[in-house]
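In TrEMBL this protein carries:
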- 176-263: domain 'Wax synthase' (DOMAIN)
- 12-29: transmembrane segment (TRANSMEM)
- 117-133: transmembrane segment (TRANSMEM)
- 145-171: transmembrane segment (TRANSMEM)
- 227-248: transmembrane segment (TRANSMEM)
- 254-272: transmembrane segment (TRANSMEM)
- 292-311: transmembrane segment (TRANSMEM)
Amino acid sequence: MEQELKNFIKVWFSAIISVSYCFCLSTRIKPGVLRLISVLPVIALFLLIPLFFSSVHFSGASAFFFTWLANFKLILFSFDKGPLYPLPQNLPRFIFFTCFPIKPLQKPKSQNQIPKWVFAIKVVIFGVLLHTYDYKQHLSPTMLLVLYSLHIYLELEILLMLVKVWVFIFLGCDLEPQSNEPYLATSLQDFWGRRWNLMVPAILRPAVYNPVQRITEGKMSSDRARFLAVLATFLVSGAVHELIFFYINREMPTGEITWFFVLHGVCTAAEIVAKKRTFVGRWKMSPMVSRLLTVGFVVLTSGWLFFPPLIRGSMFVRLPNEALLFIDSVKHKFFRFGS
């Protein structure tokens, strides 16, 4: 853990210097290919950063923050597009909005915001879940599937909320929510586009979806162009997930993760096209039924294609162990300080 923390400090020092360099480019090089070439060394560095860590949490988080989101943001920034356009007002904001999965709040706060006590309940459930792993040999495959799904959701939710609070303390600005209760999704389009990990669609839409749709619209019908754009977006997401899991497991990809996202891309695209058909538009399904079908489909297909590589790589053994080790370390230091 001590070596991981040392690497953590070195990585962030390098990242801050690299992103500061990119900020300086914005006033010296016009958007276009030349600016993209100028940021390529930073993109290459961010591809290497997760290899400096051995823990699941540090390697996974750095791959998500830097290798995926920050690199895509910088590619879009090269052409004055994406979350970094318009350019943040100052260097600290540029660093935070590049390195973290956050966006400044664009609209006034909604009256339908989720109460804070809901997040507190999620933290409690996550704490109970960590200790449930001690009894996982007694759980059925179905219960394990639910356990793994809850773990991924709650850990990502807590991590992103901590990032949001930390950034708010430093910048003093309201931020867009990172997720919107994905278990309430009534369709795959709703789940992937408006509820789950919202920074990802905010990146993939201008980086993949819009260009593919624009290129294909002139050569085929709008429905087919939209279908291809959705499929291309999910394909890119699958490829990036394969890379992230490589950083975590240090094993060659098997393609299962990509097939998971291809399957969801096809189903989401088919769902979007079907909604435009008159006979489907007239047929209304109960929100409760549609939520059960949507979340059930996500969980079942995750058990089929998404989780197996993680299970083989012992990720669901290492994740709770690392989390409990961190909690025990904090408790030990806290009580030692208090005494």
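The count begins at 1 with the first shown residue.
Placed from the backbone N, Cα and C atoms, the Cβ positions cover glycine too.
Per-residue confidence over the domain 'Wax synthase' (176-263) averages 92 (mean pLDDT, predicted model). Sequence-distant neighbours of the transmembrane segment (117-133) (same chain, 6+ residues past either end, Cβ-Cβ under 8 Å): 139, 147, 150-151, 154-155, 157-158, 161, 316-317, 320, 323-324. Within the same chain, residues 61, 92-93, 96, 100-102, 119, 122-123, 125-126, 129, 132-133, 136, 139, 178-179, 182-183, 197, 298-300, 302-303, 307, 310-311, 316, 319-320, 323 sit at least 6 positions outside the transmembrane segment (145-171) and bring their C-beta atoms closer than 8 Å to a C-beta of that stretch. Under DSSP, the residues of the domain 'Wax synthase' (176-263) split into helix, strand and coil as follows: 66 helix, 0 strand, 22 coil.
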